[in-house]
Amino acid sequence: MDRSKRNSIAGFPPRVERLEEFEGGGGGDGNTVQVGRVSSSSYRAIISAFSRLTSLDDFTREKIGSGFFSEVFKVRHRASGQVMALKMNTLSSNRANLLKEMQLMNRLSHPNILRFMGVCVHQGQLHALTEYINSGNLEQLLDSDLYLPWTVRVKLAYDIAVGLSYLHFKGIFHRDLTSKNCLIKRDENGYSAVVADFGLAEKIPDASIGREKLAVVGSPFWMAPEVLRDEPYNEKADVFSYGIILCEIIARIQADPDYLPRTENFGLDYDAFQNMVGDCPSDFLQLTFNCCNMDPKLRPSFEEIGKTLKEIMSRLPEEELERDRKLQPTAKGPLEKVPGGKRLSSLDDKIPHKSPRPRRTIWLSRSQSDIFSHKPPRTVSVLDPYYQPRDGATHTPKVNPFSARQDLKGGKVKFFDLPSKSVISLVFDLDAPGPGSTTLADCQEPLAMSSRRWRSLPGSPEFLHQACPFMGCEESLSDGPPPRLSSLKYGVREIPPFRTSALSAASGHEAMDCSNPQEENGFGPRLKGTSLCTGAASEEMEVEEERPRRASVYFSISGISLQTQAKQDG
């Protein structure tokens with residue numbers, strides 16, 4: 001599909017390919033924004049507003065998931081037939097995180113990062129439209145009976161690592177990386193993984209300066225021990241979460257400590273887990289243990305993880321052929337019906353008789369060679385100074401540290417906070433990759449968007465909202481930073497795109513007004529003159545542009561009044 005059409009929605013103006021097309025040339029010194037003709041700016045405001053905003057009634061909907069903060073629908077645009085995913089916020093207190101997530105996703109462009117498509121307006125609230133991923137999430141895939149050879153499992157692990165490496169390169173870390181938030185895409189090339197759900201993302205702390213300690217956020221089973229202990233943490237917390245995901249991939253079990261063995265200090269029980277890995281490649285298991293190290297300083301970076309996984313993938317085909325050759329004479333009887341399948345051996349002595357999750361059959365996923373007690377070729381160890389193994393001689397019972405703390409509610413809870421000023425400003429601070437880089441920005445072309453704020457957005461006719469429990473890119477084309485912005489109640493800033501450049505090239509940061517996030521996202525006092533969105537069929541949407549040269553133009557489209565104010569500075 002033509003990239004220029006991939007994110008466009010029928011009935012709205014097409015995206016422009018370059019900002020210069022409307023500003024009479026590009027460029028900037030990195031500190032100022034060049035301003036073009038008034039008519040160009042006004043036209044760009046229309047494109048920006050109406051190519052990105054849609055009403056809920058513009059789509060047919062099919063619910064595909066729900067969870068703590070949102071409901072997810074597969075939607076099809078009635079006019080164009082374009083299929084997307086709609087993430088509808090169900091918790092008013094999470095509105096600020098949702099707005100931040102949309103802003104952040106709009107600035108990210110990577111094949112393994114969920115692509116942002118636009119915004120849907122319903123009853124005065126904004127809901128994110130993203131690309132539709134057709135095979136659910138990683139947890140669902142691992143819970144299925146599908147045969148997943150090690151080549152597929154390592155490839156999925158690699159996709160997640162590369163996506164997180166890109167995110168960390170941008171100065172952001174996820175803070176809620178789970179198997180539920182890793183979506184699975186299946187096409188003619190097989191399976192691939194896409195990282196999603198950036199509502200709790202935060203700016204990576206600068207170790208060189210003292211900073212306020214970050215809040216405890218995330219999903220407990222995947223949270224790093226230092227986060228659970230309310231200690232200072234950084235992007236290496238994502239690496240621990242990733243290590244837990246690798247454990248899920250290797251053994252095809254849940255992250256719940258009733259399945260995945262943990263220690264009393266929230267670490268991974270390496271000794272117990274080694275009995276559950278079957279014929280896992282030893283290098284892959286070693287990497288998993290390194291990621292789960294209790295000491296954040298000893299965990300590898302995602303760049304290092306990606307390199308290691310690439311080496312493992314290059315060796316896997318030969319290793320798997322050799323394993324299959326050795327096992328061929330032994331595979332007999334009913335086992336041949338499900339080679340390498342899931343749930344082939346019961347975990348009688350490892351799993352309690354009463355499962356905390358009765359919806360799942362309690363069986364361990366093993367590859368074919370594991371059925372015949374094939375062990376890894378070498379012993380895997382990890383240098384973890386905080387590891388507290390269970391005493392096997394005394395048959396110490398399985399440990400669930402999440403049940404010992406009342407605030408963790410057995411791990412069946414999710415912690416979140418309001419976005420900080422630093423991460424909101426970071427949405428406008430992301431460095432662009434250098435010229436000639438096509439790998440990271442290959443997933444989509446950017447939309448031309450202006451530096452404006454929206455207020456009193458139009459609502460759509462009422463939709464019967466179902467109550468259910470969760471399921472869980474942009475690069476800029478401009479050379480210079482956008483003007484400083486501000487926002488009013490229910491205000492949402494459009495993210496100006498920036499020019500693609502090399503990863504190693506340093507570029508000037510974009511600045512914004514880091515006003516109180518609670519006020520700007522609807523939690524503070526409403527400023528005088530602002531209008532609340534209550535789902536009216538037609539309300540005024542005002543687009544303001546804070547630039548030296550301004551004009552005043554009014555447009556009325558489908559009962560919605562769009563206003564741009566401007567005047568020429570003397």
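In case you wondered, yes, glycine gets a Cβ from its N, Cα and C as well.
Pulled from Swiss-Prot, these are the features on record:
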DOMAIN    58-313  domain 'Protein kinase'
BINDING   Ile64, Gly65, Ser66, Gly67, Phe68, Phe69, Ser70, Glu71, Val72, Lys87  ATP binding site
ACT_SITE  Asp176  active site, proton acceptor
MOD_RES   Ser219  phosphoserine
COMPBIAS  316-327  compositional bias 'Basic and acidic residues'
REGION    316-357  region 'Disordered'
MOD_RES   Ser369  phosphoserine
MOD_RES   Ser456  phosphoserine
MOD_RES   Ser460  phosphoserine
REGION    511-530  region 'Disordered'
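When Cβ neighbours within 10 Å are tallied across all protein chains shown, the highest count among the binding-site residues Ile64, Val72 belongs to Val72. Residues Ile64, Gly65, Ser66, Gly67, Phe68, Phe69, Ser70, Glu71, Val72, Lys87 are listed as the ATP binders, and the farthest two of them sit 15 Å apart at their Cα atoms. Ser219 (phosphoserine) carries neither a helix nor a strand DSSP state and counts as coil. For the recorded site, Phe68 (ATP binding site), the DSSP three-state label reads coil. For Phe68 (ATP binding site), the Cβ neighbour count at a 10 Å cut-off comes to 15, with all displayed protein chains included. Counting every protein chain shown, 19 other Cβ atoms lie within 10 Å of the Cβ of Ser66 (ATP binding site).
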